[in-house]
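Here the structure comes first, spelled out in structure tokens, and everything after it is commentary.
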Amino acid sequence: MSHYAIILAAGKGTRMKSDLPKVLHKVSGITMLEHVFRAVSVIEPAKNVTVIGHKAELVREVLDGQSAFTMQTEQLGTGHAVMMAEEELAGLEGQTLVIAGDTPLITGESLKNLIDFHVNHKNVATILTATADNPFGYGRIIRNENGEVTKIVEQKDANEFEQQVKEINTGTYVFDNKRLFEALKNINTNNAQGEYYLTDVISIFRENGEKVGAYTLRDFEESLGVNDRVALATAEDVMRRRINKAHMINGVTFQNPNATYIDVDVEIAPDVVIEANVTLKGQTKVGAESVLTNGTYIVDSTIGANTVITNSMIEHSVVEKGATVGPFAHIRPDSMLKEGVHIGNFVEVKGSTIGENTKAGHLTYIGNAEVGSDVNFGAGTITVNYDGQHKFKTQIANNAFIGSNSTLIAPLEIGDNALTAAGSTITDNVPADSVAIGRSRQVNKEGYAIKKPHHPSQQK
């Protein structure tokens, strides 16, 4: 029998105090909505329906092409939100999962277990529950003396006895699809919130003698719904621990996993060593036996095997195997450092390809350049690539030697085995095997220093 899914993503999230819809706030690199969608995908629904409302177009963009959408123009409660999905699911045979888009910690495994429990017990409705040490604010699961679920009571509607119950409603359910939409026609707004509660369909099913069950999560953390920035930080913390644990199990060494921040889509090979205060974001990939030291920050980049990145930033770039970067280097977008490259202290590379075994040890800027292999950059080298309106390219061939404090005025080509003298400003192309000197000849004025204030003879 087919499975379907309804993701509730219409709310504004007032307590987030944000212009961004609540479900679009990110946890470990992707939106909460994407986390939920990925978990839901594990049950392989025949159809996904996402209920959107506040800033609908922004929410639609996240799952465009992956889900059907339906609008909830007025936020009149969870029951009302599910009603909006009827046009997409009416009359279909099967089970429908209903889940909120602000529950980023739920796992696909738990949702699959929930579906299996529902089917195996032949329930009309199954509630995903959890046991909370502090259940305040949650809807409570009320059972009879036989342990059967009789109803769900919201916090504001719960009496003193019901408020003591620690089994809580996570806001995730599985329903017989046809019976869900039939029951929704019979709910009303006679409650403290004046809303259509989805939970009221549970009471309707019970009154009709239909079977309602509950499947309890093993891990309460999965039930977290994010309603404010405090809960968002909690979700980030839980997700970080999960991600780092998974990498450690797969052979990655963490100096301090509590101070290492890795997005959910990052890939790390075995035998990588990661020191504290490292951040890996986006689609970053790190090759085997690499070392990332304290303070390294890498975004959407590929790092080859056996590299060492020392306290440096790398953005949208590729670093091939055996390269070393840092400390205090900045590899800006669209750069490629080929095998064995060394980029050292206070070196910035932007939009450039650096050939094999090339070295730029310190205090250098390489921008919009094509650099061959075995090139050496002396300290203080600058590629001057921008004239205020346009950017120009510098091309440096294999085995060139760029003397310290060279200023290379692009567009410029430097040939194989060429050398620029230290302190030169190079404005013209340098042929292969040539030495380029672009500086004034030194003139010594003997005895002139005696008249200068620093000279001992001028001291009083």
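A Cβ is built for glycine as well, from the same backbone N, Cα and C atoms used for every other residue.
What Swiss-Prot records for this protein:
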type	residues	note
REGION	1-229	region 'Pyrophosphorylase'
BINDING	8-11, Lys22, Gln72, 77-78, Gly139, Glu154, Asn169, Asn227, Arg332, Lys350, Tyr365, Asn376	UDP-N-acetyl-alpha-D-glucosamine binding site
BINDING	Asp102, Asn227	Mg(2+) binding site
REGION	230-250	region 'Linker'
REGION	251-460	region 'N-acetyltransferase'
ACT_SITE	His362	active site, proton acceptor
BINDING	Ala379, Asn385, Tyr386, Ser404, Ala422, Arg439	acetyl-CoA binding site
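On the structure: features taken from Swiss-Prot.
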{"residue": "Ala10", "record": "UDP-N-acetyl-alpha-D-glucosamine binding site", "DSSP (3 states)": "coil"}
{"residue": "Lys22", "record": "UDP-N-acetyl-alpha-D-glucosamine binding site", "DSSP (3 states)": "helix"}
{"residue": "Gly139", "record": "UDP-N-acetyl-alpha-D-glucosamine binding site", "DSSP (3 states)": "coil"}
{"residue": "Asn169", "record": "UDP-N-acetyl-alpha-D-glucosamine binding site", "DSSP (3 states)": "strand"}
{"residue": "Asn227", "record": "Mg(2+) binding site", "DSSP (3 states)": "coil"}
{"residue": "Arg332", "record": "UDP-N-acetyl-alpha-D-glucosamine binding site", "DSSP (3 states)": "coil"}
{"residue": "Tyr365", "record": "UDP-N-acetyl-alpha-D-glucosamine binding site", "DSSP (3 states)": "strand"}
{"residue": "Asn385", "record": "acetyl-CoA binding site", "DSSP (3 states)": "coil"}
{"residue": "Ser404", "record": "acetyl-CoA binding site", "DSSP (3 states)": "coil"}
{"residue": "Arg439", "record": "acetyl-CoA binding site", "DSSP (3 states)": "coil"}
Averaged pLDDT, computed only over the residues in the region 'Pyrophosphorylase' (1-229): 95
Cα distance (Å, whole number) from Ser404 (acetyl-CoA binding site) to Lys22 (UDP-N-acetyl-alpha-D-glucosamine binding site): 53
Under 8 Å by Cβ from Arg332 (UDP-N-acetyl-alpha-D-glucosamine binding site), same chain, sequence gap 6 or more: Glu315, His316, Ser317, Glu348, Val349, Lys350, Gly351
Candidate nearest Ala10 (UDP-N-acetyl-alpha-D-glucosamine binding site) in space, where candidates are the binding-site residues Asn227, Ala379, Ala422, Arg439 and distance is Cα-Cα: Asn227
Most crowded position, judged by CB atoms within 10 A, among Lys22, Arg439 as binding-site residues: Lys22
Cβ neighbours within the same chain of Asn227 (Mg(2+) binding site) - under 8 Å, at least six residues apart: Gly13, Arg15, Met16, Lys22, Asp102
Candidates Gly77, Asn169, Ala379, Asn385, Ala422 (binding-site residues) - the one closest to His362 (active site, proton acceptor) by CA: Ala379
Count of other CB atoms lying within 10 Å of the CB belonging to Ser404 (acetyl-CoA binding site): 17
Between Ala379 (acetyl-CoA binding site) and Gly139 (UDP-N-acetyl-alpha-D-glucosamine binding site): CA-CA distance (Å): 65
Winner by Cβ contact number (other Cβ atoms within 10 Å) across the binding-site residues Gly77, Gly139: Gly139
Cα proximity to Ser404 (acetyl-CoA binding site), best match among binding-site residues Leu8, Gly77, Asn169, Tyr365: Tyr365
Which same-chain residues, if any, lie at least 6 apart from Ala379 (acetyl-CoA binding site) yet have Cβ under 8 Å of it: Gly361, His362, Leu363, Thr364, Ser404, Asn405
